[in-house]
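Pulled from TrEMBL, these are the features on record:
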- H46: active site, proton donor (ACT_SITE)
- 46-49: motif 'HXTX 1' (MOTIF)
- H132: active site, proton acceptor (ACT_SITE)
- 132-135: motif 'HXTX 2' (MOTIF)
Amino acid sequence: MMEKRNPHYFYAISIPRNIQLIIKQKCLAVEADYPFKDWVHECDYHITLAFLGSASLEVLDEMNQLIVNDLKNTSPFTLYLEGVQTFGLKERPRILWCDIHKEKQLHEIQSIVNQVCGKYGFSRDRRNFTPHITLAKKWQGENQFTHFPPIMETPLSFEATEVGLYEVNTESKPKYKRIATFSLKS
């Protein structure tokens, strides 16, 4: 019998449904020519602010209350998506991602969430925050990855209006389920 794992959680900027569908449509147009093992389900598009790993519901509730309080004076803001990048080896990337133009408010929100996570003992990512939306994972091509797909060449924008707490379930599609929502003040 397999042991049931404790779910993992993360905080992220939620992507509006209409934007998820536009991004997916752009990905579908190039998937056949770019053999990544996994193309992300459109409902799983998000901008990660902090990955927690496993956590108790009590701790999550306490953290959520702090985040609601700390975000109470934060207004919605516009994010701009344009171009794609990769993480990992240039020839065999681990991740294909959509670039997010550096928005000051996004970094401020990430800092707020990160501080709350730190108060509860969750380790902070040592790398610089690189806001992005993961599009595909694990290059599987026989040939090396040589050029970026023509996705997101035309800028796309949306209003960031909420932060979500997501639960990870790797056995399902979509893999991420939003279990709490924190609206930014209008």
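The backbone N, Cα and C atoms fix where each Cβ goes, and this holds for glycine too.
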Sparsest-packed among the active-site residues, when each Cβ's other Cβ atoms within 10 Å are tallied, from H46, H132: H132
Nearest-integer angstrom distance between the alpha carbons (Cα) of H46 (active site, proton donor) and H132 (active site, proton acceptor): 8
Helix-strand-coil residue split for the motif 'HXTX 2' (132-135), DSSP-based: 0 helix, 4 strand, 0 coil
Integer mean pLDDT for the motif 'HXTX 1' (46-49): 97
DSSP state at H46 (active site, proton donor), helix/strand/coil: strand
